[in-house]
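Below you'll find the structure, written out as structure tokens, and then a few comments.
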Amino acid sequence: MRPFSATFTGVLTLATAFANASLLSPRPHDSGIPNTFPILSSCISQPSFFSCENTTTIQNTCCSPTPGGLVLQTQFWDTFTGLENKGQLLPKNSWTIHGLWPDNCDGTFEQYCDLSRQFDPFPSPSTLPDGTVVPPYKGPGVDTFIEKFGRRDLLDFMNKYWVSQGETNAGFWAHEFSKHATCTSTFDVACYGPNYKQHQEVVDFFDAVVRAFNRYPTFDMLAAAGIVPSNHTTYTLSQLQAAIRSQTGSIPFFGCGQNGTVLSEVWYFSHVLGTEQFGLYKSVDSTTTSSCSATGPIRYLERTPTSEREVRGRGFATTPFSTMTVTLDLNATTSDTSTRRTLTDISLAVAKGKKIVVVTGAGISCSCGIPDFRSSDGLYALVKEKYPDVVMKGRDLFDASLFRDATSTAVFYTFISGLKRSIDSAQPTPTHHFIKALDSKKKLLRSYTQNIDGFEAQVGLLGTSCQEAKSTGKGKNKLRTRDIRNVQLHGDIHRVRCNACSAEYPCTEDHLQKFEQGTAPDCPECLSRSEARMARSARAIRVGSLRPAIVLYDEAHPLGDDIGTIHTTDINRKPDMLIVMGTSLKVHGLKKLVKDFAKTIHTSPSSSSASPSKKPYKVLFVNKTPPGAEWNDVIDYHICGETDAWSTKVLEDWKKMRPADWEIQQTLVAADTDNVALGALKTVKPTVLKSKVQKPRKENRPPARESSSKDDAPQSVPQTPSKRRTKSSHYDDQESSPSKKRTGIKHQELSSPGKLLFGNATNTQRVVEEDGELSKMDISFHVQDLSMRDATADDVFGAGPKTPARPKQPREAENSPMDISLADISMKILGDVSPLRAQVAPVKQASKPLRGTNKRPPATRSRKKVVVELTMKS
């Protein structure tokens, strides 16, 4: 659990939304509700503070819980319900809701504050301390109020997680509302205005209870520290408190029965900024002493198996297991064993990942001196400080509307030139190298970045702005999407783009000098076209100017369609982990991208969790500041700390736990070339094999004929019209557009049918020494001739129509077939059909195989390579 930041943004947004929706309007004060204003939108003008931390009197009690500003979210751990025979079961692997109590700041509390909204059929107590009798309620249950508002989803969730013991659930819910919610000023009917619907505050209270319950998944927080229900293992109070404090930052109240030895209840204390319904909760330490034994063993008992049920489906909201973002302090690894163990498990999950998506922001480049955007010393603050008279806010300098004003445009160019020089003097951070390591180990599905510094390209990740990623084809796609490893969502500061023709160029020193002066250089492409038109007395065209090729707010991305295609492709490839680093997640487009990936990953059946009782390590958020409340059902773990420190830790843990992933494959060579399978293998250092200088490979080419007479050369059969190569294209004209010119295969010679399988690259003149003698042969053959048998006439001349196994190609009339027996290395001229003759050099008798056998004598076994030179003579 992360502590909540003290900001009034949520309250302002809420009040504004209410005002815009016309839910609240002026109404006279109700005499029974003192000092309560009916207009929640007036909260905008009220001072912002957390409850119980104000130093002045609260003027508008609709804006803050009064007097019960110490809000307690309470939970039960029951082992049975007593109504199992009626289907009232407990949710498996989850505590259950007790209530949401508005205690006073001094620890006292009020109860049953408004008897006109008393819906409890069995009030407890039935008589208040002042002697007032609380009458039992006889009307319809509060569950019917929820159904009347169409909130079946809320009702389903409450039936799963707000389970009573010994009475019906609806009666328990009515008790909690009547006893506690009526004492909370923000649930007063007067705060709802003339559009109030009966029992609306009841449904809002139940919504608030569920929302608070989802903030504190007790079962999962204890399980993360190794504390699970057991009838044999016992725990200490300090262990329980440390486990929760590591997640929430504060110590709750633990309640125990049987003289403080059996754990049964937990209370989470909070201060609230704004209303109890929609405000921000800040966890604080308990003001009540625990009823559990401070020194003795505490039992966390298992439930009766017949009293539990698997909770499938999410109903009103996701279960606490999946809606709670667990916060881990990276700096607490030395003192907190639970945090250290969880971070190690996360490192292992990263190492085991196969399709990891990484999303990064400006925070990953801060360590190299590049400021982020939204922090107190970020770019927005620097811009505002440097140009206080030009921009109202730092964000205005990165809005597309700045080009409407010459002054703001000049400031933008000047600022970007300074930022570009700062980036040029910096180096990639360990986080950038971590992303590259994921790619090198085949773990990275894709990287998406908001950054414009281009450090990803420096470590070897091909980005969408790189020239190598541009497509040269005729399709509508501008990028070679398969090769891209890093998607630059906001462009690249190392390139400039024309605002007229969209031509792009690398950003050079000349461009920066122009930008420093507050001006923009002319586009060379537009200038060239304009001069060419003027030279032929045509109308001049507009010459655009070059601007940094970055994407500003309210500006469409030039490669938006291609990036959308990449995003869809990656979603369909089913990633198994999402790592978000160094971003505040405030930009709308990025928020949608992250939520799309998270939804796909969470619905995947695979899980990277080390234990079923732990939250799966699927969506990680690494940042110094916590995510907003809207990310509770999206982000699994928030790792609070520097991205460089976490990246370094993951790589270190990875190398320790899976060293095989980091071993370098050695080159193995055989010691005995005659029998590699049986010969011993030895390891050598990885080397680059040096081969003999060869001509470019020209396989399946006929050997050059020595005769210079054109009459002797046979005429090849002309190709069919459908297979003839077009000599030229109508786009080859000199005056055609450069983008439409076709560069076909030039000077390509087609293989003549019926020639050698291997061309000039293997048919060169070589002299190979074999027992001191030279051997040259003139041979013409096909692939099927390479068999360990004596060739027949059909093999040489072809079997005609009887052998349809492979398409026959026209043979030249002058070819001279020969019978080659590879068994006895003898050759016999089958016929004197053509002037071609086989020239065979004498071969030593000792190298011939024994007659009548397929074996060579031992004297001829050699490890030397024998190269048979093939030549053809006409």
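From the backbone N, Cα and C atoms, a Cβ is placed for every residue, glycine too.
Curation does not apply to TrEMBL; its annotations are automatic.
Looking at 598-619, 796-817, the range annotated in TrEMBL as region 'Disordered' turns out to be 796-817.
Feature annotation (TrEMBL): of 35-69, 315-349, 490-524, 840-874, the stretch labelled region 'Disordered' is 840-874.
Each of the active-site residues HIS98, HIS180, HIS490 was ranked by the number of other C-beta atoms within 10 Å, and first place falls to HIS180. Within 10 Å of the Cα of HIS98 (active site), the following recorded positions from the list GLU176, HIS180, CYS498, CYS501, CYS526 place their own Cα: GLU176. Cβ proximity to the Zn(2+) site centre (mean Cβ of CYS498, CYS501, CYS523, CYS526, cutoff 8 Å) flags the following additional same-chain residues: ASN499, ALA500, SER502, ALA503, ASP522, PRO524, GLU525, LEU527, VAL543, GLY544, SER545, LEU546. Each of the binding-site residues CYS501, CYS523 was scored by the number of other CB atoms within 10 A of its CB, and the lowest score belongs to CYS501.
Over all protein chains present, the Cβ of GLU176 (active site) has 21 other Cβ atoms lying within 10 Å. Here the Cβ of CYS498 (Zn(2+) binding site) has 22 other Cβ atoms within 10 Å, regardless of which shown protein chain they belong to.
CYS526 (Zn(2+) binding site) carries a helical DSSP state (H, G or I). If you take every residue in the domain 'Deacetylase sirtuin-type' (336-663) and average the pLDDT, you get 87. Around CYS526 (Zn(2+) binding site), taking its Cβ as the centre, 20 other Cβ atoms fall within 10 Å, counting all chains. When the alpha carbons of CYS501 (Zn(2+) binding site) and HIS180 (active site) are compared, the span between them is 67 angstrom.
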